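TrEMBL has this to say about the protein:
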type	residues	note
REGION	A:20-49	region 'Disordered'
TRANSMEM	A:250-271	transmembrane segment
TRANSMEM	A:325-345	transmembrane segment
TRANSMEM	A:421-441	transmembrane segment
TRANSMEM	A:453-472	transmembrane segment
TRANSMEM	A:493-511	transmembrane segment
DOMAIN	A:521-639	domain 'TMC'
TRANSMEM	A:531-548	transmembrane segment
TRANSMEM	A:569-589	transmembrane segment
TRANSMEM	A:595-616	transmembrane segment
TRANSMEM	A:644-665	transmembrane segment
TRANSMEM	A:702-726	transmembrane segment
Amino acid sequence: MARHRAVLSDATFHCEVNEVGNRRQQQQQQQQTDGNDGIMSRARSEEDKIEVVTDEPLEGNVLSSVEDQFQSGPAVVGANVSFSQSFRRWSSNFGRSVKNNKRTVYNKTIRLMPSRIQKTLSIDGDLITTSASDVDHITMELGQREQLMEDNPIAEQLRIETIKSIAHKISTKRAIREQLSQTVNRRATRAKSIGLLRRYRYSAKLYAARTAKLLQSVVTNFELFYGSMKQIEGHFGSRISAYFKFLRRLLVLNLVLLLFIVSFVVFPQLLAGSDTVGAQETAFHLRDLFTGEGYLSDSVLYYGSYSNRSFTLVPGTAEYSLPHAYFLTITILSLATFVVVSVSMGRAYRISFIESSATVQNILTHKIVCSWDYGIANAKAARLKHATILNELRDYLAERNRAPAVVGRWQRLRADALHTAAHLTVLAVISAVGACLWALLVRFGSTDHFRTWAALYVSVVANGTLGAFGYVCQLLGRLEHYRQTATQLNINLLRHFLLQLTIVGVLLAYWLTRPHPPTVCWETLIGQELYRLLVVDFFIAIVLQGAIRGVRYLLHTQYGSEGRKREGTLAQLLLTPPPFCIETHSLGLVYNQTLVWFGVLFAPLLVLLVALKLLLTFYINKFELIYLCQPPVRLWRSSQTQTLFLVLVFVSLFGVLLTHGYLIMQVPVTDTCGPFRGTQYMYQLFMQGILKLREEHLFWRVFVYITKPAIIGGVLLTMGVATYYLRAKSRAQIAKVKLLKELLCMEAKDKEFLLANLSKVARGKECTEHAQQQLAERIELVAGARLNGTADKYYTDPCATWRYEDSPRRAVDEHPLDGSSCSGYQRFEDDEQLRMRRT
Amino acid sequence: MGQVKSQFSEDELQDYEDLTYFTKKEILYAHKKFKNLAPEKVGHNKNAKLSMSKVLEYPELKANPFGDRICKVFSSSNDGDITFEDFLDMMSVFSDAAPKSVKAEHAFRIYDFDGDDMIGRNDLKQVIQRLVDYNSDLGHNDIDQLINNILEEADLDDDGALSFAEFEHIIDKSSDFINSFRIRL
């Protein structure tokens, strides 16, 4: 393989010299006839360099053409070596892979595809983007890949994918594809026919690929809210649309859950008819929609009204056991959601935290390159974005220029004390809220069924505190100054989340520990309470706060000019247009989702409620954003925030699953209602009914053994050791990266030293043809030595060390023609020109 | 819808689908949007070449400070005039399905103002000025300092300019790039 590589590179080397040399001669002559075009500042064009230095376009014609050829030699060496070097890098990486499965081939071909081939060949200074040689070169490269050139459908797919990822025009790609298929056809005519088994495998894979594509196109066809998302993205950028995407994802999740629940649990129950003992025919009041009581308490909304028998839905078929269906559906759906959420969270975490952990060193570059949001389609949003970028850059400069704050010991102590005080305050507030809620529940929860609005007290208090807590946190944030806004916002987020957890936890603890008479269906009670919480949350968080924002907006339009006059006062705070707070809304979504997951065991149709709620929330938020609120001026890194929210969702889901596990195992079921009547614990139904196990069974004993604390402790310990090992490995790699960077700098210095020496040596010699030849040889030797050298690491680094020939350090600047991209070789050549002209 | 579909044959659509990151439906939608820029001209010739000023009326390109650079990079005749194939190419690169390497390549070309395959000081200066919309609040000293900082951070071999490899290295490390370098069709 190595020999093949060397041969190929030499071949291209030679043909390139001739080809480019001829081309340059022609162009040189043409440009002479066009006359001196004036001093153009295109640094890379050799002819221009000649024009600039000599200022006599016509006289040095013959000489310059010779020089030109001579000059094109080493320059082509440079350019061509880059080409063959990048090709070599690609092919060496490819050859190294042992497994030739599709994924490896994909990674090695497409991801490392040297798209820079065309660049390095166009030394004329013009970006001649489509030329026949490009197509040929790329085709030749691709033709080396065995996997791509086979004549089966899989290789064809791979070819299509590779061609898609080439960064050229469509016409170029078309030409490449033509040539490749011609080559493939030519080679394939000599191949034998494939066997039957292989043909079946190919067709199976082809069908699988086709169905996957069809599914994908169906999914993208039904992209919900496409028009709204486009509008939001165009007006406000991708960071705000990330929030709406989160909302849409939750909505889709809920709809899928709803589909399964309705089809397996609710629908059969509806068909079988109600079977509650002593059904009371209560009339339907509008109030019942809010409190979840009355008419609704006996409907399929709640756990209590599900029967525990199995019945036949369609006469003649097997029996459909409703309790089993209920249990299995809920548990399988919860586990599936958990898996999906954890996988997406893991992926998002990897992308936004681990892979970009090195960006702490590249903050400014990252800011410059990634700051403009290409999705903005609106002049006002563009102006806002320009202003945001300006602010960020100014902040950055101020931060850098500010003298490093010598933080005295007292000040640090004071800052720490302030932080601790704030944390303690928050904790105190949260515990106070918890205690208050508990007291309320004890006071009001003693009655079993509420027929009046009194049922709503608990929910109103809970949600009201959530809303008010937001303002408290803002106030606290103003008092304690964190150096970085990111920390501030993360801490805010965590505080809110803690409050939510506390509220949910208190409610849970109360319902589970309260003693209740056996006639009362405690599961239904929990379901009702959750229903009330959700409904009230909708009204308080969305409707009420939306109204507040509307009022603020109206005030702003009426009295806004007055507010601007009084800077910094409370009046000004009130009279500015309300900000659109993404974190608050996202936290609200997480809260909702937690409640739903918890409640799905007790009230299956809560999912429908939440789906409706999310739909309405989407439209209300969109309305607020477009008409009422002002989008936040300073946004921090959105991908990390999105990941944070996913983590919060994961954590709450995990907590919910644990609670469900506890409930299923340890809490006795009510005897009079629900699908699990007759068994003491819920899981017993599963164990006895489905697995048909008894207590003495082997599996049971194994299961009990496994769940002993010692075993679980051992498993956790192993996981801890594995985590430590991986962390040590990652640290070692970080150190390695640092070493490699230093190596790069050293090599650049090497090159500079070598070039300086070469020019010194060359200057000392006589100027003859022979000298020129020798010089050319020497350069070839050096370049050749580099080419065939043992130092293979030159080829593995793709950075501009070869480019270095063209743009050395500024310190070596002797002919500062146009500053930035003077080429070292060219300058060296210019020296030659000058010398040769003088002689 | 039938009218648009009849302009393209099934083969052509399949051809475009193989060469870009779009499905057939998206290609037809892209053609519709292209046609909105100049209905009569595109009606005559579905692969008509529109001048840069016409193309810059497309909302996302109009609001973009690098709009003219984008047109130049994707134009097959290198003068900024865009045919439908160029437009399709452009939207395909900016779509969600395009991989990071393709996007990084084109971002490099867009930010390389003088076309010398390196992002030098002049290029960076132009980029910064365009990003702040030539606001005078950011003076020459400030811009120079910013450029120095950028080169300090990103220029690994100290040659005074960013090569493609260094640029790609930065892009690889950033997760926000994909989110911001995207135009929804």
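Here the Cβ of each residue, glycine as well, is placed from N, Cα and C on the backbone.
Note on the transmembrane segment (A:644-665): residues 246, 331, 334-335, 337-338, 341-342, 344-345, 348-349, 490, 493, 497, 501, 508, 512, 586-587, 589-590, 593-594, 597-598, 601, 681-683 of its chain, located 6 or more positions outside it, place their CB under 8 angstroms from a CB of the stretch. The transmembrane segment (A:595-616) shares more Cβ pairs under 8 Å with A:325-345 than with any other stretch in the list A:325-345, A:421-441, A:453-472, A:493-511. With a cut-off of 8 Å on Cβ pairs spaced 6 or more residues apart, the transmembrane segment (A:453-472) and the transmembrane segment (A:702-726) reach fewer than 3 such pairs and are scored as not touching. Long-range contacts of the transmembrane segment (A:325-345) within its own chain (CB-CB distance under 8 A, at least 6 residues past either end) are made by residues 253, 257, 260-261, 264-265, 268, 306, 597, 600-601, 604, 643, 646-647, 649-650, 653-654, 656-657, 660, 675-676, 682, 685-686, 690.
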